[in-house]
Ligand code: PMP
């Protein structure tokens, strides 16, 4: 038997299991002109000509790539400028760029926690936070979703010297928002540090768009993670906090140290996107308007819409095959929504993850609502 046969057997059995569980995920090239209600470009900045021009100009000035990691020779003046701007925007002493949000979360947890650290994570935290905990070797305790009393109970039982509470800001599959005031209060009461990953809130929530932690300083939320591939429309991520934290991450976060720095063109584009976020609240207002309009329309149809006031508007269909059928029907109409199934969400909690963007028009939303209404009518005609 060839070596590759041995491996192929193993991969084939994993594949078969996935297919049998009906969990095989298909990656498709998005057909042009698809109406996208699945992405995270909440403010439409990925397509803003000013951001695109800044990216092109950044590539011309600084190169298409950084050429090395930050600690070797890849840390350029545009990275430094972006870190300063992000620190200022979030009201933190310093910020540190990472190549992706996934890497930021792995890096922070691996650098801060070890087998003597107690981690406390919301049950619905993003996979990157759970993977970071595994990598760190720390023991994770999971508290009930958005439940400060359950967190308090777990913290009270812990005798660890170093405790770290970790939560998404906006929950990526539910669209609801962490109760930052309670998390901060309970963490302080129990001498725990608090880390918030506001990947989906930054740029969208708060008067200045600085996310669900707007108004909470470094004392309340000492570790803030933000990603740049969502509302800011580019790619990458950052961690913001005090100088001691950032210096530590610069030295010890392996996903920071051992990887090529973010392309400088992306840093240049992000700096432009950040300026737009700060100067032009109208994109956020337009998005909010879309959210209200969409909710009104869908509620009128009495569809099972989650209680979310962020651009993530899940439709809780429950059953996996129902969810896939609705997504397929919408796709036939040229509309793309996320069909989210276990293990990404708990069993019986399959859903359409619908996301709104300032880039949509009211008639785009009308088309989506009409598509949902057609799915509903068809289901009523021939129930599964
Ligand atoms: N945190 C959260 C809450 C996320 O939803 C995501 C991405 N979906 C990430 C982190 C990872 O960010 P990135 O895509 O930049 O790796």
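Keep in mind that glycine also has a Cβ here, set from the backbone N, Cα and C atoms.
TrEMBL names 25, 126 for binding substrate. Of 323, 344, 355, the residue it gives for the same site is 344. In TrEMBL, the pyridoxal 5'-phosphate site is described by 101, 102, 172, 227, and among 70, 144, 200 the residue recorded at this site is 200. Close to residue 172 (pyridoxal 5'-phosphate binding site) in the fold, though at least 6 residues off in sequence, lie 126, 199, 200, 312, each with a CB less than 8 Å from its CB. One residue stands out among the binding-site residues 227, 344 for having the most other Cβ atoms within 10 Å of its Cβ: 227. Counting only same-chain residues at least 6 apart in sequence, those with a Cβ under 8 Å from the Cβ of residue 230 (N6-(pyridoxal phosphate)lysine) are 40, 41, 42, 199, 200, 202, 203. Other Cβ atoms within 10 Å of the Cβ of residue 25 (substrate binding site) number 8 in total over all chains. Ligand 1 lies within reach of 102 from the recorded positions 25, 102, 230, 344, judged by a C-beta closer than 6 angstroms to any of its atoms. Counting other Cβ atoms within 10 Å of each Cβ, the lowest count among the binding-site residues 126, 200 belongs to 126.
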